[in-house]
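Feature annotation from TrEMBL assigns transmembrane segment to 35-53, 59-79, 126-147, 153-172.
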Amino acid sequence: MFQQDSNDDTEDVALFDAEEETANRPKKSKIRHPVASFFHLFFRVSAIVVYLLCELFSSSFIACMVTIILLLSCDFWAVKNVTGRLMVGLRWWNHIDEDGKSHWVFESRKVSPEENKTISEAESRIFWLGLIACPVLWVIFAFSALFSFRMKWLAVVTMGVVLQGANLYGYIRCKVGSRKNLTNMATSYLGKQFLRQNTGDDQTS
C-alpha cells in the first residue's frame, strides 16, 4: 500500500545519508526486478546515445528528433509509472478533483520489517544513479547547444531536461516529503560533513 507524503518509513538508498544507511543495515545486492531495472536505464541512455551519434548515421534532423522524443516519452512513462514503484517504492501523480483543481500527490510505500529484508540495495542505487545522472547530462547538452548556436537542437535537449527533470523532482519530493524537508535534509547533510571534516582535522593534529 502507498501512503501520501510519507517518507519516514521508506527504505531505499538515501539521497544524502547513503553512507550512514549502508553502514547500519546489511547490503542486499540482488536485483529483484531485472526487467524494470533494465528499462529504467534503457530508454534514457538510448536517448542520450542517439543524440550524440545520430548525425554520424543520419542526415535527417527530423528523424533524429522524432526518435529522441519517442525515447524520452517512453522513459518518462516507464520511470513515472513502473520503475519507481517497483524499485524504490515511490510514486508521484496528479489528479483533478470535482471542482476542477489540480492536485499533485507524492507517495512513498510504508515498509514493514519483513519487507525491509527483501529490499534491493542494488536496485535503489541503479534507480537513483540513472534518475540523477541523465538529467544532469541533458542540462550540459542544453548549455552546449546554446553556446554553440545549434538552435535546432535546443528544443530537443530542452525536452530532455523537462521530461527527465520532472521525474527527478517528483521522486525527490516523494523521498523527502516537502520542500522544507528537502532544505532541512541538505542543511543536515552539510552540517554532518562539516563536523566530520573538523573532527578528522582535530584527530590528525
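Backbone N, Cα and C define each Cβ position, glycine as well.
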Among 35-53, 59-79, 153-172, the most Cβ pairs under 8 Å with the transmembrane segment (126-147) come from 153-172
Close approaches to the transmembrane segment (35-53) from elsewhere in its chain (Cβ under 8 angstroms; 6 or more beyond its ends): 64, 67-68, 71-72, 74-75, 78-79, 82-83, 86-87, 123, 126-127, 130, 134, 137-138, 141, 153, 156-157, 160, 164
